[in-house]
Amino acid sequence: MCGIVGAIAQRDVSAILLEGLKRLEYRGYDSAGMAVVEAANKIQRQREVGKVAALEEAITKYPLPGRTGIAHTRWATHGKPSVTNAHPHMSGENLAIVHNGIIENYEALRQDLRDKGYEFTSETDTEVVAHLIDSMYQETGDMLQAFRKTIAQLHGAYALAVVHSSEPNRILAAREGSPLVVGVGIGENFLASDALALLQVTDRFIYLEEGDITEVTLEQITIWDGSGAKVERPVVRFEHGGLDSVEKGEYRHYMMKEIYEQPKVIKATLEGRISGDHILEQVLGADAANVFDGVGSVQIVACGTSYHSGLVARYWIEELVGIPCQVEVASEYRYRKHVVQPDMLFVTISQSGETADTLAALRQAKKAGFKSALAICNVPGSSLVRESDLTVMTQAGPEIGVASTKAFTTQLVALLILTIALGRRHGLTKEKEAELVEGLKALPGLIQKVLDLDDVINKTSEAFAEKHHSLFLGRGSMYPVAMEGALKLKEISYIHAEAYPAGELKHGPLALVDKDMPVITVAPNNELLEKLKSNLQEVRARGGELYVFADAEVALEEEPGVHVIPIPAVHDILAPIVYTVPLQLLSYHVAVLKGTDVDQPRNLAKSVTVE
Ligand code: G6P
């Protein structure tokens with residue numbers, strides 16, 4: 001999704017801006033651009049379709065010297081990917097702007113501006129904002145006033161940053177519905193849509209709030225809230241594990257690095273939350289105990305991979321807590337009427353904490369009368385975290401690969417901790433809690449053992465490279481694991497992958513099964529194993545090739561057409577976490593064989609901050 005970087009310094013800023021854009025590449029984009037105010041009070045701009053590397057090449061040829069600048073990676077919403085639609089957009093020669101989000105009333109504004117004589121060179125909603133600021137500047141002669149007056153006329157969601165060649169000593173920016181942070185330097189300051197973009201220059205950030213407008217100069221950061229009052233916002237130190245956590249190191253792709261980080265980040269997610277044989281629910285928030293006492297049912301809302309972790313949690317909550325749990329994708333939930341029960345806990349799950357639909361669902365739930373909202377999230381300071389009453393932070397560290405891996409497994413860990421905390425109030429015994437805690441503590445070691453199967457899984461992946469379709473089967477809490485496996489394969493290898501509860505096979509998908517349709521199954525040693533085995537027979541009988549990730553102790557025989565990859569024995573409740581990992585590895589290797597852009601699959605974005 002779109003990314004913003006801005007810098008004002010006593011040195012040329014183009015290298016800082018480029019580095020920032022590179023760090024935002026993982027979010028997905030189709031074009032990139034930069035505008036820098038030159039010493040001679042002139043703005044120079046470069047824009048390119050495609051990768052940031054193309055922009056870098058252009059800037060190497062035609063440098064953009066100057067100490068104040070803004071840059072952008074665009075993910076097309078209004079208008080196709082093209083140079084003319086790429087940001088920064090300009091009004092005349094003197095004003096440049098970058099924008100994330102959507103301006104809903106841009107058509108009406110554009111008509112007004114056309115009537116005033118402005119000409120448009122792009123199809124974007126952003127160019128409207130550029131001209132609108134310019135028209136206000138003609139009236140007021142002051143950029144801050146012009147910017148304020150413009151903001152007052154915009155409807156929609158946006159993060160904006162603007163520079164003017166007559167006022168080279170400041171960048172103005174605003175946030176409403178799209179994230180924006182100010183990076184605090186010494187004698188230089190920065191802006192970005194994600195703190196990650198600025199870690200090479202600072203680790204101190206001010207997270208702007210909804211409605212904030214800011215003026216950033218070399219020495220000062222001034223912020224006004226939505227009512228126009230000057231406000232102080234706290235400067236927060238970036239909490240993630242430093243620069244190395246956003247670099248690929250020895251790995252060929254971020255996705256592989258992130259898969260391999262899972263033992264470490266699961267351990268980090270457990271840290272401080274377990275004491276001996278029980279969990280410490282106090283660390284879930286000062287008010288957690290009070291809130292949990294009153295919970296009689298749970299509503300979970302999320303998108304994408306995060307939605308799948310919610311689906312697993314439903315099995316846990318209904319089995320271990322014994323209270324009803326519903327799970328829904330946020331884009332559906334937000335647009336329908338629902339019944340809010342007074343004892344319902346509203347839970348959102350999100351890696352980024354900025355997914356537009358999830359945030360909208362949370363805001364709507366609050367209006368609809370939910371007493372408490374809990375967020376499971378990976379990004380401190382994100383909108384979701386700030387707007388929720390309770391948060392359980394996952395400690396996955398920055399996740400760069402668009403296909404989510406370590407965020408998912410740490411979400412599951414956080415959800416199991418939540419399940420145990422709720423279960424205590426509904427008859428979950430101390431013994432059962434101790435058993436689960438022991439399972440949680442064993443997880444990093446077990447996952448390491450699965451990672452050690454990488455070569456075997458890599459070999460298995462060869463069978464998929466030429467296939468066009470695949471079917472993933474699971475039963476019980478392994479059904480959402482099958483869904484997540486199918487999502488991983490389709491998003492990075494572009495192979496059509498569907499997931500079905502194994503019991504539904506006969507109701508349709510069996511018709512598709514033949515030798516060209518590999519069937520992948522996750523088969524831990526649980527009470528559903530025998531039923532699953534008969535589903536597998538149904539596949540074999542139709543000539544389907546089976547790839548079974550099965551508990552090493554269940555003695556599933558290899559035979560022609562049945563490929564068994566043994567997975568170490570694991571506690572039934574924790575099996576979804578462990579069995580996710582081989583499916584991640586399988587997708588990764590298939591994608592590498594197919595030569596796709598593993599970390600930035602086509603058409604997808606890491607953080608979907610528009611609807
Ligand atoms: C995008 C990403 C997915 C992610 C989903 C939800 O589609 O590509 O990896 O699962 O958004 O994102 P969130 O940040 O809310 O977990």
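Glycine residues also receive a Cβ, built from the backbone N, Cα and C atoms like all the rest.
Just so you know, TrEMBL annotations are computer predictions that nobody has curated.
Around the Cβ of Cys2 (active site, nucleophile), 28 further Cβ atoms fall within 10 Å across all displayed protein chains. If you look up TrEMBL, you'll see Cys2 marked as active site, nucleophile.
What TrEMBL records for 2-219 is domain 'Glutamine amidotransferase type-2'.
For the domain 'SIS' (288-428), the mean pLDDT of the prediction comes to 94. Per TrEMBL, domain 'SIS' is recorded for 288-428 (among others).
Sorting the domain 'SIS' (460-601) by DSSP state (H, G, I as helix; E, B as strand; all else coil) yields 64 helix, 30 strand, 48 coil. As annotated by TrEMBL, domain 'SIS' applies to 460-601 (among others).
Counting every protein chain shown, the Cβ of Lys606 (active site, for Fru-6P isomerization activity) has 26 other Cβ atoms within 10 Å. Residues or ranges marked as active site, for Fru-6P isomerization activity in TrEMBL: Lys606.
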Please report how many Å separate the Cα atom of Cys2 (active site, nucleophile) from that of Lys606 (active site, for Fru-6P isomerization activity), as a whole number. 10
